[in-house]
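Asker: Take this structure, written in structure tokens, and hold onto it; I'll ask about it next.
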Ligand SMILES: Nc1ncnc2c1ncn2[C@@H]1O[C@H](COP(=O)(O)O)[C@@H](OP(=O)(O)O)[C@H]1O
Ligand SMILES: [Mg+2]
């Protein structure tokens, strides 16, 4: 449902209904609306006892004076999706804001918590490149379910030509939109988003130590991940292909299906990651056969609250490449 809503807003963007594409309005509408819709769906299907959601947004700003118009636009879109997708009665603005605010859980290593990033890759969303709706379930600090909805990701692998075009070339065409899912110990799967993820194809990565043919992915924006350090690391291990720069957790889905062998993320000093950006994608990549750790080699700790603290950055790759990357990084400590 969240993907349907975000796709609706993307179509409006495409049609030029938002005059300034750098404006945050379209992503704000999709982001808050998607959070309300996912929480609405979770609440409808789950007993209260397991209901705790750690989500990126809160409705504080929408409740401030001047926030009414934005709240009304979000509510209108949420209701359009609810009526078509679920045949559900319309919600008031107040009910939509209350749904958004149910995402205020602190998470942690006890019990079960849903972890939600309603629109990950906000810049990719506004630029009509890649973005993802990310949902994971934590049980005693472990990710046990992960789902990534990637409305702009083609079902076919991203080519070098797509990469040169910011992986956006086929956005909005038929066959675009991929849904990834995984359960702990149960494997990772992909299917077309538009058919509700069916038919599902199981994902299984091959382990290879050959960097010659391998590509790596990194954030689209160098502000969000140190491109220069990743480039030096890639050169040291013998990567020759250009990097694939993709916004958002869509990278984890693309890696899990083999579009690129490695995902390198080196945030600049001072930035603290959040669990909702990585929880779903990490399980999907791991269940497809990748190893995911921080630069020091530790598994990511999703049971430590809303923040994801780590040593320097995140490396995701099949086992042999992962081990070689961590060894090479020891000689190259990331620039700060
Ligand atoms: N300066 C920064 N350094 C590192 N990560 C950043 C950042 N600013 C934002 N991010 C995070 O990077 C996410 C996008 O991932 P990627 O860099 O792989 O495209 C953003 O998600 P949101 O778009 O949900 O805020 C945000 O959490
Ligand atoms: Mg995010």
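Cβ atoms are placed via backbone N, Cα and C, with glycine included.
Feature list, courtesy of TrEMBL:
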BINDING   56, 117, 119, 120, 277  Mg(2+) binding site
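Walk me through where these features lie, including what they touch and how far apart they are.
Answerer: Residue density at residue 117 (Mg(2+) binding site): 32 other Cβ atoms are found within 10 A of its Cβ, drawing on all protein chains shown. Mapped onto three states, the DSSP output places residue 117 (Mg(2+) binding site) in strand.
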Asker: Please list, in sequence order, the residues in the chain of residue 277 (Mg(2+) binding site) that are at least six apart in sequence and whose C-beta is under 8 Å away from its C-beta.
Answerer: 117, 120, 134, 249, 308
Asker: Please list residues from the chain of residue 119 (Mg(2+) binding site) whose Cβ is under 8 angstroms from its Cβ, counting only those at least six apart in sequence.
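Answerer: Once residues fewer than 6 apart are set aside, residue 119 (Mg(2+) binding site) is near 6, 27, 30, 31, 34, 125, 131, 132, 133.
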Asker: When neighbour density is defined as the number of other C-beta atoms within 10 angstroms of a residue's C-beta, which of the binding-site residues 56, 120 has the lowest density?
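Answerer: Each of the binding-site residues 56, 120 was scored by Cβ atoms within 10 Å; lowest is 56.
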Asker: How would DSSP class residue 56 (Mg(2+) binding site) in three states?
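Answerer: Reduced to three states, the DSSP call for residue 56 (Mg(2+) binding site) is coil.
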Asker: For residue 277 (Mg(2+) binding site), what is the secondary structure state per DSSP, taken as helix, strand or coil?
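Answerer: The three-state answer is helix.
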